[in-house]
Each structure stands twice: as C-alpha cells, then as structure tokens.
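**Q** Pasting in a structure now, in structure tokens, and then I'll have a few things to ask.
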Amino acid sequence: MPLIVLPTSQLLWVRVAAQLFSCVAFSVVAHGASLSHGLADWCVFCWAFSFSVTLLVLLVEHFGLQARAPVSWKNFPITMACYATLLCFSASVIFPVYFLKGQQNHGEARDRRIASTVFSCLATVAYLWEVTLTRARPGEVSGYMATAPGLLKVCQTFVACIIFLLVSDPVSYDHHAALKWCMAVYCVCFILSAAVVVLCVGECTGFLPFPFARFLSAYGLLAVVMYLTATIIWPVFQFDKSYSHTQTRQQPTLLTVAVLTALNFLLYLADLAYSARLVFVSV
C-alpha cells in the first residue's frame with residue numbers, strides 16, 4: 001500500500017501550528033464562551049480570517065498551484081501572514097480586556113475565554129515566526145512585500161483601520177475643520193498604502209505609467225509630511241480647551257487615536273528611510 005509522504009520544513013510546521021492555534025481560538029469561543037458584545041465578533045473574525053488564509057496558502061503550496069494563482073506568490077503568503085499577526089495580536093489584547101478583566105463569570109464559560117486568549121497569543125507568536133522566516137534578507141531577491149517597506153505598509157493600513165474604528169463611533173472629527181483635515185490624512189494615506197499592497201500582491205506594478213520606485217519615494221515623503229501635521233493637529237484640537245467639545249468619557253479613545261497617529265507617523269518615516277536606500281529587484 002503506497003504511503004503519502006508530505007514534504008516537511010520549519011515553515012510548514014509553523015504554518016500548521018498557526019492554523020491550529022487560530023482554529024482552536026475561535027472554535028472555543030463559538031461553543032460556550034457566552035459572549036454577546038460586538039467586539040467578540042471582531043475577535044472571532046481575526047481568528048477565522050487568519051485560519052482561512054493559512055489554509056489557502058497550505059493547499060496551494062501542497063498541490064503546487066503557485067504558478068496558477070492569480071496573485072504574486074512572492075508577495076501573497078507573507079502579506080497574509082503579517083495581517084494575521086496583527087489581527088491575532090489585536091484579538092489577544094481586546095479579548096482579555098473586555099471579556100476577562102473585571103468579569104465575575106466563573107466555571108466553564110470563563111475557562112473557555114481563558115483558553116481562547118492563550119491560543120490567540122500562541123497564534124500571534126506563530127504568525128510572527130512565519131513572517132520572520134519568510135521576510136527578505138539583506139541582498140536577497142524577493143517580492144516587495146517581503147521587504148521592510150512592504151511589511152511597514154501592512155502595518156500602516158492596519159493602524160489606519162483601527163483609527164477609523166475609533167473616530168467613527170462616536171464621530172469625533174466633525175466639529176472643526178482641522179480635525180477633518182486629520183481624517184483626510186488618514187483616508188488618503190490609507191488608500192495609497194492599500195493600493196501599493198494590492199498592486200504588489202496582484203503583480204500589477206508594471207502597468208503603472210511611471211516608475212514604481214519613484215512613486216514609492218514621492219508617496220512616502222508626502223505621507224510623512226501629512227502625518228506630521230495630523231500628529232500635531234489632532235491632540236491640539238481635541239484636548240485644548242479652546243477648541244475641544246468632547247466629553248470626558250471620550251478622552252481615552254481620543255488619546256488612543258493620538259498615539260496611533262504618532263505611531264503611523266513613525267511607520268511612514270521608517271518606510272521612507274528604508275525606501276530611500278532599498279535596492280530592489282522586481283515585484
């Protein structure tokens with residue numbers, strides 16, 4: 001009777017572990033964790049999305065379908081692994097804060113929540129390990145998304161998404177034109193970063209009417225200047241009593257937005273610095 005021998009590698013087992021951990025995290029929550037808050041749905045989405053994309057990557061590579069995939073396989077797996085790392089990390093922070101801290105629940109429901117938190121943390125570590133294994137090394141020819149600027153763009157889009165969630169419920173940018181400018185900064189930079197990710201994963205950079213490297217440099221400089229203005233304007237017009245109209249209960253959320261704005265400014269600054277000296281082959 002012939003035996004099926006699966007090729008093994010460190011990367012394969014890391015992906016299998018990440019898939020297993022994320023699967024357990026959302027399976028345990030879905031069966032008996034007694035959750036009704038909307039953030040629970042976000043956490044389940046984070047784990048389910050991570051599980052699904054890892055399963056897709058494993059199936060494509062197992063059956064050797066990389067050449068037939070409608071995406072750049074030099075860019076797709078590491079992009080999804082980086083998003084999965086950030087999603088599982090956010091779930092690992094949100095879930096215990098909202099569903100374990102200060103909760104009076106005991107028994108099986110609480111045990112399931114603890115188990116989901118533990119496996120979410122394990123999934124985060126596994127996905128981070130996958131990113132570490134697949135990222136481009138100095139002097140190595142690889143896809144753009146495997147380089148530091150590519151991974152930074154994933155982080156930029158993710159941080160922008162969190163900002164959008166925080167400023168939209170309740171709306172906290174419509175009482176002054178300066179805050180609307182900050183929102184414009186978040187939107188424009190997010191769209192351009194997301195466009196770069198889509199172009200690289202879809203292997204469409206060659207269709208641009210201008211050199212891709214030149215576009216990255218110009219856009220990086222523009223994003224740094226725009227985020228610098230938002231980093232200054234947002235806290236001034238949200239916390240200065242001369243301009244602020246927000247309630248005290250909203251201030252922790254607004255402070256979080258200010259911190260995330262500064263974080264994205266640093267990410268764009270690092271992106272610009274890397275892009276300025278990156279000798280890149282092809283995407």
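Placement of Cβ uses the backbone N, Cα and C atoms for every residue, glycine included.
Features from TrEMBL:
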type     : residues : note
DOMAIN   : 6-139    : domain 'MARVEL'
DOMAIN   : 144-280  : domain 'MARVEL'
TRANSMEM : 12-33    : transmembrane segment
TRANSMEM : 39-60    : transmembrane segment
TRANSMEM : 81-100   : transmembrane segment
TRANSMEM : 112-129  : transmembrane segment
TRANSMEM : 141-166  : transmembrane segment
TRANSMEM : 178-201  : transmembrane segment
TRANSMEM : 213-234  : transmembrane segment
TRANSMEM : 254-274  : transmembrane segment
**Q** Within the domain 'MARVEL' (6-139), count helix residues (DSSP H, G, I), strand residues (E, B) and coil residues, in that order.
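**A** The domain 'MARVEL' (6-139) comes out at 100 helix, 0 strand, 34 coil.
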**Q** What is the number of residues in the domain 'MARVEL' (144-280) that are helix, strand and coil, as DSSP sees it?
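**A** Summed over the domain 'MARVEL' (144-280), the classes give 110 helix, 1 strand, 26 coil.
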**Q** What same-chain residues lie close to the transmembrane segment (141-166): Cβ under 8 Å, and 6 or more beyond its ends?
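**A** Same-chain residues near the transmembrane segment (141-166) but 6 or more away: 72, 74-76, 78-79, 82-83, 86-87, 90, 131, 134-135, 172, 186, 189-190, 193-194, 196-197, 200-201, 205, 216, 253, 256-257, 260-261, 263-264, 267-268, 270-271, 274-275, 278, 280-283.
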